[in-house]
């Protein structure tokens, strides 16, 4: 398998421009450090510094990217050794960067979309007294995310992995005086840690069996392991991916994470961090190539999650939660893609990039709507906003069309490719995975159309309403500092798909990292028929949404008499309930029990023994009076032990 | 030079304590002198680091004089890399503790001089216990070390300080006696073999290490129980929550940060080299105790209602990790365990100090009396979070390196224990972030905060509760810890390099030619 060899081959030492790649980490880290240490003194220009570091990182990343395009495929994998991080005996964990097509692609996504969102945040956070801190955390996030994708081994990945988790925690809890925000942040961190444990144990397995944790060496030696171990590693990595990427069964934190400011939702919880699971699996392609069972589980998780996300997305009235479940669902598609193996790695990454554009754009659009609507997120309070916010409407609309797979927009290319590849799987798998992905098209079209109709069309319901803080609504278009990033992302939503897939551009570019993109084996239907089918389903979804939501007035309060399907969807398909019953409740009871047991049983026993040893019938609590006596008796007891031990040694 | 430095490290605080004891009438001068002495001690420790050669002799800076020559007892000192980093931790933490307690009010009728001179004695004894290379001398220091601590807790602590001090003393003292029995047993073995008994550590290692397994096991337990009480392993831990709860904040830092580490240090210096066969035979038992400590300590930390007891249980969980690392018998796990001893002192030390600052503002140790404090004291909130993140071993902080090494290194030899202990990672996130949420996040609330503007419950507007953020002195107390937490998280090599050869020597003496992971792959 040529691609395995390529990814596993020793990388070249970085040369030329690439030798300065540490700047990618240093720039945003510098921004974060200055803003955090500088305190209020940096309030005036802090946001500008925050933007500048990320934009500079983008410029450098672009330069670096362009400098590698002329290289031969094999030369495009370079490593930059920075220092020895954790060296103990035979273990040597390097702090180094791997600069290859896959990581550079992510660098461009992270710093590119990151720059736009930083700029947007200048406007969005302009009224917040802690804006400086917000930019510090955003910079910290960018640094950690870049480390995640640039690290040259699984432990540096883990560093970045938990680093973005911290940034995510800080930013979800940015308005930490709100209890819901604090709880959501904690929940996100905890559920991520569950996944992180999987990633950690996978690393332990690599160390125990291969004696290394660096990518090049792991990939070179992974073929020597038995199938069971490879399968175990692949499943543990998947657990890590599920935590970070909000995949079943660890999906429940992501919708709650919408408590964070909307730019955070756009950058971290849509475009970049939550796609890290997809990156992890794609990066570990030499491992997944070896285990068909591991890949099968990945595809199952992706399929289940994409359906869960769609179904719940149909039921929410909170614009950000709908988008959040949409993200869960779209990442499900990506995970399904990379789970297909050599026929899908590049497809998953392609969808990840196009999704990065249109979902970031959609979130920024939602933020713009909220900005004009007193931070209200309930779509039942919206309606007819298209006229009031024409730019937001237009950019959001393009993102919407890209997401539902409207012909020739981004999602059309990237999602259909995954669906076709899924159908190409052998036997029942093709029908099940392909069918589920196809069903997802209709559901996606439904919930997104519902969102569009409730927000931008129909009656202007807000006219007769007040926001929860008692103010009237005065919807208005956002300032240019916010709309320009939205426009740029909208352009990306339109063209990125075509540009990336035209002549397999991205797949070819990624070949040194991911291997050659194989053709899916046995599609049961011709490609044109599948495209027609998915377009048909999209139209059905749009039509149904119009039937349910568009043709009659939307009630301002959500109807309570609904079918069990809607009730289940509104309750997140009972994901939270399940976690609570399985873990939270028993854990709480166990903890309470242990606290009592520790006091009564453990401490009681020991103090009891101490009391008995001192021939005191009273408890140790009362030893204040009998202290001298008990002390003397303890000495005596000790002396007896001494003698006993002496005898033991002498005569044993 | 090294030997002189080590002796100076021992004597300086002792002399300082004598001097400070005379300053009963001038609290400020007493504080200044103590701070000066402890800072000088820190300088000496830094010099000792530069003089130490990691690849050199097993025990360096050695010196010895006869004490009770009839029974072969010497006063002899010397350090290996493990003892050296612990002495470094002592020298770092004591001045920080002195500065942290600068403004503390002492109980009626007590002078700062008395308190501080006890602290200095404590410092000297702690250095001594890590530097002793004679087993009897170690025992003596191990027991004497309890005396200043007994008075520090019992004389300057909280409401139930007497109970806590007695409990602490009895537990440790009893453990020490059992150890003495074992030490005498070793002496007897040496007398049999060499015709003349000795307590010299290096000689005893030679004599005892090939004793029959059964003998080793008996002797092993004598030391093990003493150390398992000190670095509390479940179920011998119940003295610590009481002691930590009642001790003044700074003393709690010394207790949890340094004194308890004598236990894990003892495993490494005494149990493993002297009783290698017993150590290997009993490793499964230690794994059970270690995992139990991690999970039990974590769950109990989650369930605590008192801030200081919380810290005690967090430490119990961390000592579980350290024990696992020591008895997994791989270089990675053991270096991890030793660096854990250092990093736990920094992380938990900082957490205790920060919690002390919270308590100093709210006047209550009950978690329920606080809420939303970050709104009033953002800087204190940030410091709380940093200490917490290090406690939950976030990568980028010092603790990650050690916890990761312990788990990674234990996995090849003790996979079950390692995997079970990783659950502790999730629980750590739970107890740290939940505590942070209860104290710092949400709306300002709680009688400790809202009541401040004029008696409990009197402030009608929580936002107007007057609580001041960190002072310059408090920032100076925390800044070095923050710097080290980050520095040793990103660049831990200096500590690892000092510790690694001593760990290798320890493992060699255990005869644990256990391959660190499957090296055939390399």
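The backbone N, Cα and C atoms fix where each Cβ goes, and this holds for glycine too.
According to TrEMBL, the protein has these features:
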DOMAIN    A:85-135  domain 'NADH-Ubiquinone oxidoreductase (complex I) chain 5 N-terminal'
DOMAIN    A:154-435  domain 'NADH:quinone oxidoreductase/Mrp antiporter transmembrane'
TRANSMEM  A:20-38  transmembrane segment
TRANSMEM  A:45-66  transmembrane segment
TRANSMEM  A:102-122  transmembrane segment
TRANSMEM  A:134-151  transmembrane segment
TRANSMEM  A:188-210  transmembrane segment
TRANSMEM  A:222-243  transmembrane segment
TRANSMEM  A:264-282  transmembrane segment
TRANSMEM  A:294-316  transmembrane segment
TRANSMEM  A:433-458  transmembrane segment
TRANSMEM  A:479-507  transmembrane segment
TRANSMEM  A:527-549  transmembrane segment
TRANSMEM  A:628-649  transmembrane segment
Same-chain residues near the transmembrane segment (A:264-282), Cβ under 8 Å, at least 6 residues beyond its ends:
102, 106, 109-110, 113-114, 117, 120, 138, 141, 145, 148-149, 157, 161, 164, 167-168, 171-172, 174, 199, 237-238, 240-247, 254, 257-258, 288, 298, 320, 323-324, 327, 331, 334-335, 337-339, 345, 348-349, 352, 355-357, 359-360, 362-364, 366-367, 513-514
DSSP on the domain 'NADH-Ubiquinone oxidoreductase (complex I) chain 5 N-terminal' (A:85-135): how many residues come out helix, how many strand, how many coil?
29 helix, 13 strand, 9 coil
Let me check one thing: do the transmembrane segment (A:134-151) and the transmembrane segment (A:527-549) come into contact, meaning three or more Cβ pairs under 8 Å with sequence separation of at least 6?
no
Would you kindly list the residues that approach the transmembrane segment (A:45-66) from elsewhere in its chain, counting only those six or more residues past its ends and only Cβ-Cβ distances under 8 Å?
17-18, 20-21, 23-24, 27-28, 30-31, 34-35, 38, 99, 104, 107-108, 111-112, 114-115, 118-119, 121-122, 125, 131-132, 135-136, 138-139, 142, 146
What residues elsewhere in the chain lie close to the transmembrane segment (A:433-458), defined as a C-beta under 8 angstroms and at least 6 residues from its ends?
299, 303, 306-307, 310-311, 313-314, 317, 319, 322-323, 325-326, 329, 332-333, 336, 369, 379-380, 382-386, 393, 396-397, 400, 403-405, 415, 418-420, 422-425, 524, 530, 533-534, 537-542, 544-546, 548-550, 553-554
Most Cβ pairs under 8 Å with the transmembrane segment (A:479-507), selected from A:102-122, A:188-210, A:527-549:
A:102-122
Overall pLDDT of the domain 'NADH-Ubiquinone oxidoreductase (complex I) chain 5 N-terminal' (A:85-135), taken as the mean:
93
